[in-house]
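Reading through the structure tokens given below for one structure.
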Amino acid sequence: MTQIGPFDLEKKAAVVAVILEKPLETSKKAAEKGADILEVRLDLLGIRNPESAAKIIREIKSETGLPVLVTNRSVAEGGKWEGKEVDRTELLVALLSLKDGPDAVDIELSASREDRDKVIKAAKAHGKTVIISSHDFSKTPSPQEMTATLAEMFLAEADIAKIAVMPGSMEDVLNLLKVTLEFKNTGKTVCTIAMGKPGKHTRVVAPLYGSVLTYASIESNAVAAPGQLPVDEVKKIMEMLK
């Protein structure tokens with residue numbers, strides 16, 4: 001069984017609201033709009049201190065009752081972390097050891113093996129869910145490359161393997177969905193996203209093919225990645241497609 005906090009991803013896909021500003025205020029708003037999980041983006045919030053991050057996560061969980069996924073995205077993968085790579089991953093390690101800390105962590109496949117393994121080890125030691133991710137903002141790799149990337153994530157001990165790609169055509173989108181379905185049929189837990197305008201519909205359609213997480217914005221004018229839709233709209237459409 002794959003869970004983030006108490007949310008069972010084998011029963012249904014989760015709508016993840018991305019918290020990128022005014023963390024407590026937007027988290028409450030996301031909960032009101034129907035979010036299942038909150039992703040706290042430390043890099044976008046400009047949080048570099050473990051104590052500050054822990055306090056915010058604690059308050060968010062207390063106020064909303066929702067599970068929290070913590071992410072501290074590197075610049076290379078579309079994030080805004082400024083500073084040493086070791087400090088970026090050590091911040092995640094520190095938070096994962098807390099009893100009332102995050103329920104899950106997202107670490108990039110592109111992180112150094114040493115730093116990535118420290119984050120994964122800390123998460124596993126404290127019963128937290130591990131998402132290993134890869135983001136390509138320029139293209140959609142071939143089906144073989146996407147399959148190999150997801151497989152590498154599972155070898156690295158991902159609970160959830162996540163890829164986000166930029167399609168140049170609807171064929172690219174179909175290839176991503178086909179790869180998603182293939183992993184679902186082998187019992188693997190994946191999250192797949194096609195970004196930008198051609199991939200916008202995958203935000204609500206990919207779960208039908210086996211993607212267990214779909215990322216959404218709280219406001220339509222504040223998105224963390226191209227093509228994100230508002231939480232309440234995603235929830236509504238997903239309910240209609242059930």
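Every residue, even glycine, has its Cβ placed from backbone N, Cα and C.
Bear in mind that the values here come from a model prediction, so they are computed numbers and not experimental data.
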Completion exercise
Note: Swiss-Prot has GLU39, VAL40, ARG41, ARG73, GLN228 binding 3-dehydroquinate, and from ARG48, ARG58, ARG203 that site also includes ARG203
Handout entry: Candidates GLU39, VAL40, ARG73, HIS135, ARG203, GLN228, namely the recorded positions, that fall within 10 Å of LYS162 (active site, schiff-base intermediate with substrate) by Cα distance
Key = HIS135
Handout entry: Cβ neighbours within the same chain of VAL40 (3-dehydroquinate binding site) - under 8 Å, at least six residues apart
Key = ILE19, PRO23, ALA53, ILE56, ILE57, ILE60, VAL68, LEU69, VAL70, THR71, PRO102
Handout entry: Greatest inter-residue Cα distance in Å for the 3-dehydroquinate-binding set GLU39, VAL40, ARG41, ARG73, ARG203, GLN228
Key = 20
